[in-house]
Structures are given as structure tokens and as C-alpha cells.
Amino acid sequence: MPKRTDLQTILILGSGPIQIGQAAEFDYSGTQALKALKKEGYRVVLVNSNPATIMTDPDLADATYLEPLTPEFVRKVIEKERPDALLPTLGGQTALNLAMELNANGTLKEFGVELIGANAEAIHKGEDREAFQAAMKKIGVETARGKMVHSLEEAIEYQKEIGLPIVIRPSFTLGGTGGGIAHTYEDFLKITEGGLRDSPVHSVLLEESILGWKEYELEVMRDHADTVVIITSIENFDPMGVHTGDSITVAPAQTLSDVEYQRLRDYSLAIIREIGVDTGGSNIQFAVNPENGRVIVIEMNPRVSRSSALASKATGFPIAKIAALLAVGYHLDELPNDITRVTPAAFEPTIDYVVTKIPRFAFEKFPGTPDALGTQMRSVGEVMAIGRTFKESLQKALRSTESDVRGAFAEMSTEDLRGLLYGNPRRLEAVIELLRRGEGVPAVHDATKIDPWFLSQIQEIVDAEKELLNLGPITEWKYELWREVKRLGFSDARIGEIVGLPELEVRALRKAAKATPVYKTVDTCAAEFEAYTPYHYSTYEWEDEVTPTDKPKVVILGSGPNRIGQGVEFDYATVHAVWALQEAGYETIMINSNPETVSTDYDTADRLYFEPLTFEDVMNIVEHEKPVGVIVQLGGQTPLKLAKRLAEAGAPIIGTLPETIHQAEDRASFNALCERLGLPQPRGKVAQTPEQARELAAELGFPLMVRPSYVLGGRAMRTVRSMEELTTYLDEVYAAVEGQPSILLDQFLEGALELDVDTLCDGERAVVAGIMEHVEAAGVHSGDSACVLPPVTLSPELLERVKADTERLALELGVKGLLNVQWAVKDGVAYILEANPRASRTVPFVSKAVNHPLAKYAARIAVGQTLEQIGFTETPLPDLYAVKEVHLPFLKFKGVSPILGPEMKSTGESMGIDTDPYLAYYRAELGAKSNLPLSGTALLLGDGLDGVAATLESAGLRVIHEQEGDRLPDLLIDVTGSPLLRTALERGVPIVSTREGAEWTAKAIAAAQGKTLGVRSLQAWQQREAAAS
């Protein structure tokens, strides 16, 4: 069936700020769908509050609304844009839940908007636990024994029947939020109460425990003609009990027999048909009892999911794009496979390699949180690696996570290692180390329930490590031997660690033996047809499938796995660089290891290498492709850390040079440079040892801001107010950070106002692109503070001085590209805190606020264009206020106090735009899911809040200063840091923990009071800007 012509305008809902359980994969999915629908001639309207995404760029959708994802705001967009259809399956759980609300409250019916991609009934059957169980019973597919309960009393009755351990799954929540596995009756009561509260429909499913069973996922697509294809099978390395988003996963499934696979396949076909998903993709999860082969279905997601992104990258099959086209009427056999150009999308992908995904965690950001993994997702990012065997794929994935293969585990006692065999982020490394020590596969399997096949594969890697020492001197290894060793996935660094040589010597010996990798192509068909899409991975075999072209080419290094401090903002910058360089006539080569992102889409760069971002893997590609330039300044700290070694090995780094990066990041040379330029700085010193740190602290006086050099996201940064606090801090840092880092000690400017300044420089001219005023005072990490552009409270004279000083600094450093400078203003003086000669996390926000693609400009500067040629010679002065607010993941980390400090903790951001700064702030707060009340009670705790109280009272809120019994207020402002902050957060009450935040919150509520807030697209804002200028 050809595409529908009765639809003209299609509304797509994004997923909002990046959060745990809902990350960059939805930017990738949404971007793919937007491009596909636009190409088909549809008018596309997007609502998404997250400015750090590619999908919210003004040239993707026809109308882009950076507005809160709430029924009220989406209704306003629908009223204004009058879409014919709503496609809700590309924005994760947020979009699906919102679409269901708009359907239930009559908005869709009122404006004649059709749900496409999945109908309301299919969403209900797939998402509602009771409806799903009933549907499975009807088709004879077994589910875990369980019951949906709607009250604690009902739960207690059913628990008596089913016993412990028991699994609690709230309905309609994201990433397992509010759920868990209860091993004790006390835990059962606590988790069930929380789950009933967290579920938007106040119901939870109680299920028998299937801990230790094997877990599989099938990625399935179905069209209107009832053609169903299985895109891939995915097997969880970790057994049941760990959320699939936190599990190491492998595609295709490795331990299923053909009969078992066909059984899961048949079940999947029956399930997708019964649920009624007939225009898109679904992810179906199964558990298999290894004792008797009993199969039960765990759940399905009737939408594009995190696993869909992984399956797309693993196979080369663009699930989100195909799902969007099926939603507008196409059938699978009508859609061509982009990669082969001869097979239709109805052909199931076949792969002749193994893909491994390893999650990335951030428990170090939340000290005191237990790191046990369960049914609630806790990982903040992930890596993917491709190899010809599981062993090669696993070792490549491990080095992609940027964690040492052995590291601290070699120093641990065997008893301590055994203590790490429960589900936790360090279990894989503990398993490897125990197998090294002869623990044996049966003992490790008994303790972990990890399938013996996986453990025996790891045992083979460990045996090979020992064998390396019996192969004779490494200086005499011949090509064949090198190839056999490298085919197991060993890096040069790991080989060097085993044989006792530096990595560079191992590399030189390997190259002398002519043992270099070949590159294979991801083609969806196991090389049966020619592939036209250049998507590659390395291995050590004979045939190389990748022939470099003669065109001038530039390599762009991606940012690797998302983590707190290095998120989707850096992917945004690298993708913009790709587009800018393609426009300038260069062939672009992307190297990255993150399966969630737009940068690793096969049709973003001219060539994609899905490889670890390590010195060895990057240099192999550079030597293979011979580019004219390598760009390291856009992917965050990961590529920056490689810059110096790459340059020394002959990689042609373009843009800002490694020497400049070093000068800005090395505190002593940076301090000297600022002194030379006469830029005020807080008094500071650099200590090389703990003893020296204590001596310098006594000299500088307290309070001090302390941190190790070369970190991103304020890792291990703290404010210390006494010698005791400093000593505790030093003990922790030297235990946690590799090597012996130098420690920076800076006088802490208590109560100072911070500024973030993004600047472009071509070496001859520097232009400030935007100055952001932080809402929170100094002491809160810049990545966790809300900020407003342009500044609201500072004098024009001071801002002019900051602008001039920033531009002088950029020229003095010799920056060629982007520079981010942070300032602190106290008593009318602007002190420079730090300068980062790279893309910062504010680049997407500033680009959208000032209507200039800064990362594109940086890429053009890197290949020799000047700011004059680009047409960016003056600081833009937008006639609007833009506010960036952050999303904090405290709810996922039980018991952690939700107080902001110098270590970054946020995972994502939202943006609000208005002509009034406080209304922009109000929109940004709603966009970040902080629902500021316009009526009700505000509880204020702490000194210095009289002005806040007066503002809130004038806005009509009742202000109290003591809690009334157990009753929680509608808004909590608590600058004392009391435990009530955590309680309020868990109950969904908006919380504010800083005085500055309290002032902005009160003014925002007052500004919004009695106003009808309209909606305006980003394109309309930018046209308004263009007209004004």
C-alpha cells in the first residue's frame, strides 16, 4: 500500500530531558523519523523541551516547539498547528504516556487528530500489566505468575499466596522506576508503597521471582499487511534480576538452540499480532528457565525503545525510520533496504559478527548509594563493540568503556572479589579476575547464574593471557601469531601489560610484523549482497572490505558512552561538524562507540567506524584512511585526552592544537597566562602531594574549592571548609583516581554569581557567541545550575569587560574553534575560574538561543575558514530570554540527599524561551518536570527567605515555615538541607535547595500567575530575531 495522502501534517512528541532509562536513543530515533517523513513530503511538527538534541534543530522539523511535554502545552500546539496525526512511538515512555493522556482527555478527538504508529488499544494492551497478562493467556503464552494490585492491603493478601522473593512492577513507569525485588517482608511493604505512588495509574504487578533465569529480547516489526520481521535477537549476559538496560547484552543470542529460537520467534509473532501493533516496531522480552526450558514472556514495549536503537546499530536496519514510514501506510516489502539497495525491508537482517553492549554507570557521583543492580535502571550510558567472535567483541566493548581491563581488581583479595559476584557494575571485571585466579567456571556460575557458555568464553580469554607468556619473545612474533592474538580482541596496551612492555613498543613490533587490522562492513545480509552504506568495524582477518577514497577527508572523534558530565550535547557538536564539513566538500569519517547517538547513524557521516575511542583504535583508522585532519575538540574530554598522543604519533590534529589544550588545562601555565593578561583570578595553588596540599591550604585559608586536574563534570570536585575536611577529601581522591593527580586548590568565592561564556576564535579574531548568567551561586557545578541568556542582573559595563577579556584570552591561547570560559562575579569584579578550549555542554543551548550553529562554525574554522568568511563577526543580541534548566536523577539513587554541589549530577536539560526571563524560567522548570504550583501552600525552611516569602504571598500562595503534621506542601523551599527534601522529592513535590533558586522560582510563579502562556515555534522565534536585526 503506498503512503497515505489524507495526512498533511504529522505531530511528533520527543522524550524531553535526557534521564536514566530514556537517553540519546530517542534523539537518534526521532531524528531518523523526522528526516524520513519530511522526505516523503509531510509537514512535521515536533514538541520536545530538550535543546541538546539534533531533532530540535530548526532545519529538521517544519515547526519545532521547545515547550514542556505536558498535556496543557501539547494541546496548545495542536490547537495552533492542527496536525492530522500524532506519532507517539518515537519519544520513549514520556511520549507514549502523554499521547494516552491526550487521548483520554478528549484533546485528540476534539481536534480530529489520529494516533498513528500504535493505536490507543494496542498501547494499553502492551503497557497495562493486567491487559497484557489477559492477552497472553488468550494466545497461550505463559507469563510469570502474578497479580495486579491497586492497594497495599490487596498486595499483602497476594504476597501471602506467592511468598518471597517477589517482584514489584509499577504500571506505566520508565526504566522500572518505583519497582524492585523484595527479599524480605519489610522491603516488600516499602517497595510496594513506593510503586503504588510512582505509577501514574496507582497500580503495581506482583510477580513470582524468576531470578537467575536467562533473559532474551526480540526486536520485531509488523506492517498493515501483517508482514512480521524479526530484526535481531538479543541475549542478556546478566541473568534475570538485572534491568535489561543495566545488563551486558549480546546480539545475536549466543546460547539458544535453533528450536528454542524458533519458539521465541513464533511467540513474538503471536504477541505482536494479538497486541495489535500493526505499523511499527516492538521489543519483546522473554525469560527462559535454564533448568527445564520453561519460557515466559516478561513484557513488551509497543514503541521504539533503547533496545531498538541497539538493534538498529547492531544490524544496520533503521528501525525508527522504517517504523515512521509504516505508520504512514507503507508496507515492509515496498521499502528498500538503504544498505543493499536491492533487498526490501521485509528481508530479515542476517549478521556474520557479534555485537556486545556494556552499560556505563555513575555511582561515583552518588556516594553512599548501594550499587546493587535490580529491576530499576541505573546506568547513564552504554558502549557497543563489533567483533567476529564474542571474545573479540567483549574485549573491544570493555576498552570502549574507558575502564582498564585489570586496574584495581588485580590488587583485591579473592574473598573481596567473590563479594562482587552479585549484580553490580563491577561484576564482569570481578568474574574475569576470579577466573584468572583459577576459581573455575562451575563455581562462578553457581554464584552468578551467568550462562556457562559465556563464562567458558571468558575462561578462554584468560587462558590466552597465560599462553602469551609461553609464545616466545614478543620481538620474534610473526604475522600469523600476531593475528591470532589480536583476533581474540587483545589491545596493544593489554598485551604490553601482560608481557611487561609499554604500549608504544608493542604497537611498533606489531606494525613491523605487518599485523594491522582489516575493516569489515555492516551490511544486514552477511555479505550476500553488495553494501552501499559505509558502516565499518575492525578485525584481524585477511580480506579488507574498505578501500579509502582519494577525496580530502576529515576524521571527527565522537564522545563515547554518555555519562554525567559528558552527554548528548557533545554528540550534537560532532554531528554539526560532520554536516559543516560535508557542505565544505570534505569526506567525513566518524569514529564512535555509542549506539544511542545520531553520530553513529549509518547515514550521518560519509564513513562510520564503530570502534573504541582509544589511541590504538583511532590511530589504526587514521593510518588506514590518511585524512587531512582529525578533530578532537568537539567530543568532550574523551577525544581531548587522546589529542597529545595522536599528534605525537603523526595524526594531523586540526582546529585547536594539543599544546593549547594543555596550556588551558594545566593550572600553573594557565594561571601564568591570566597574570600576564591582567585577568583577576581567585588565589590558587597546585599541589603535587597530599602533604603539599595541606601546607598550601594553610597558606591560602578556607573555604577552598579543591579538585584534581583534567576532569570533566566536576568529578571529585568539592568545597572544603577545614583542614579535617581537606584530609578526608585527599584520602578519597588518591584512593579513587588513577595515578597521582595534581590537586588544584582555589580560594572559594562564597556567594559569587557565575557566568558561562561561549566564544569562537579563528586565531585572528575572537567573537563571544553568548554569555549565560547562572541562577545558582558559585559552589554549584555549572552543569547543574540553571542559566539564563542574556544575563539579567549584571551591568552592561561589567558584561562588556567580560566579553573583551574572554576574546583577548581566546586570541592569546591561539584557539581555533570553540572556547568556553567560566567567570565568577563578586563585589563588582569578574574573576576567571577556568577556560576550556573545546565545545562545551552549553553549545546546543546557545546555538538555539542566538540562532547560530556554533559547532558548524568551529568545524569550518578547523579547515581554515575565517569568522569573516563564515559571516560571524559580532556578538548576537537576541531579543528574547532563553533559560536552560537541568534534570537530576536523585530519584534513581535511594537515600541520596538532593542537594547541589561542585560535582555534576544532572543527566539532561530543558529549555524555555520567552520575552520575560522569569516566564522563560517557568517554562524551563515545567520542561524539566518540576511542576511549579500557581496555588496552594509553600513551605520555606532556612534564613534569608523573607523576600521569597513576600513574592510568593503576593502571587497568592499560602506560605508556612513549619511542616503541618505529615502533610507535604505543594512547593518546598529548603536551604537547610534537611531530610524533608528527599521525602518531598519522592512524593513528587517540587523542591528548591538554594536561595538563588528560591528567588527565581518565586518570581517565575508570580510572573506566570494569571497569564495564559502561548506557544511559539523555534522557527518563529528565529524569524522574529532576523526581523529585529
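Sequential numbering from 1, following the chain as shown.
Note that Cβ sites are derived from N, Cα and C of the backbone, with glycine treated the same way.
Listed in sequence order, the residues of the same chain lying 6 or more apart from GLU299 (Mg(2+) 1 binding site) and placing their CB within less than 8 Å of its CB are PHE132, ILE284, GLN285. Swiss-Prot lists ARG129, ARG169, GLY175, GLY176, GLU208, ILE210, GLU215, GLY241, VAL242, HIS243, GLN285, GLU299 with the feature ATP 1 binding site, giving sequence analysis as the kind of evidence.
According to Swiss-Prot, the Mg(2+) 1 binding site annotation covers GLN285, GLU299, on the basis of sequence analysis. Its Cβ taken as reference, GLN285 (ATP 1 binding site) is surrounded by 19 other Cβ atoms within 10 Å in the chains shown.
Residues or ranges marked as Mn(2+) 1 binding site in Swiss-Prot (evidence: sequence analysis): GLN285, GLU299. Classification of GLU299 (Mg(2+) 1 binding site) by DSSP places it within a strand.
Under the heading Mg(2+) 2 binding site, Swiss-Prot lists GLU299, ASN301.
Taken from Swiss-Prot, the feature Mn(2+) 2 binding site applies to GLU299, ASN301, supported by sequence analysis.
If you look up Swiss-Prot, you'll see ARG707, GLN747, LEU749, GLU754, GLY779, VAL780, HIS781, SER782, GLN822, GLU834 marked as ATP 2 binding site. For GLU834 (Mn(2+) 3 binding site), the same-chain residues that are 6 or more apart in sequence and have a Cβ closer than 8 Å to its Cβ are ALA664, PHE670, VAL821, GLN822.
Within 10 Å of the C-beta of GLN822 (ATP 2 binding site) there are 19 other C-beta atoms, taking all protein chains into account. The Mn(2+) 3 binding site annotation in Swiss-Prot covers GLN822, GLU834.
Taken from Swiss-Prot, the feature Mg(2+) 3 binding site applies to GLN822, GLU834, supported by sequence analysis. In the three-state DSSP scheme, GLN822 (ATP 2 binding site) falls into the strand class.
Residues annotated as Mg(2+) 4 binding site in Swiss-Prot, with sequence analysis given as evidence: GLU834, ASN836. Within the same chain, residues at least 6 positions away in sequence whose Cβ sits under 8 Å from that of ASN836 (Mg(2+) 4 binding site) are ALA664, GLU665, LEU819, ASN820, VAL821.
DSSP assigns ASN836 (Mg(2+) 4 binding site) to a strand in the three-state reduction. The annotation Mn(2+) 4 binding site is assigned in Swiss-Prot to GLU834, ASN836 on the grounds of sequence analysis.
Taken together, the residues of the domain 'ATP-grasp 1' (133-328) have an average pLDDT of 92. As annotated by Swiss-Prot, domain 'ATP-grasp 1' applies to 133-328, with the evidence given as sequence analysis.
What Swiss-Prot lists as domain 'MGS-like' is 930-1028, and the listing cites sequence analysis.
Annotation comment: Swiss-Prot describes 1-402 as region 'Carboxyphosphate synthetic domain', evidence class sequence analysis.
The feature region 'Allosteric domain' is assigned by Swiss-Prot to 930-1029, with sequence analysis given as support.
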By CA distance, which of the binding-site residues (ARG129, VAL242, ARG707, HIS781) lies nearest to ASN301 (Mg(2+) 2 binding site)? ARG129
Let me make sure I understand the structure: which of the binding-site residues listed (GLU208, GLU215) has the fewest other Cβ atoms within 10 A of its Cβ? GLU208
Count of other CB atoms lying within 10 Å of the CB belonging to HIS781 (ATP 2 binding site): 23
Name the one residue among ARG707, LEU749, GLY779, HIS781 whose Cα is closest in three-dimensional space to that of GLU208 (ATP 1 binding site); these are the binding-site residues. HIS781
Spatially, and counting Cα to Cα, which of the binding-site residues is closest to HIS781 (ATP 2 binding site)? Options: ARG129, GLU215, VAL242. VAL242
Which same-chain residues, if any, lie at least 6 apart from ARG129 (ATP 1 binding site) yet have Cβ under 8 Å of it: GLY146, MET148, ARG169, SER171, SER203, LEU205
Determine the minimum-neighbour residue: among VAL242, LEU749, listed as binding-site residues, which Cβ has the fewest other Cβ atoms within 10 angstroms? LEU749
Let me check the 10 A CB neighbour count of ASN301 (Mg(2+) 2 binding site). How many other CB atoms are there? 22
If you run the three-state DSSP split on GLU215 (ATP 1 binding site), which class comes out? strand
Using DSSP and three states only, what is ARG129 (ATP 1 binding site)? helix
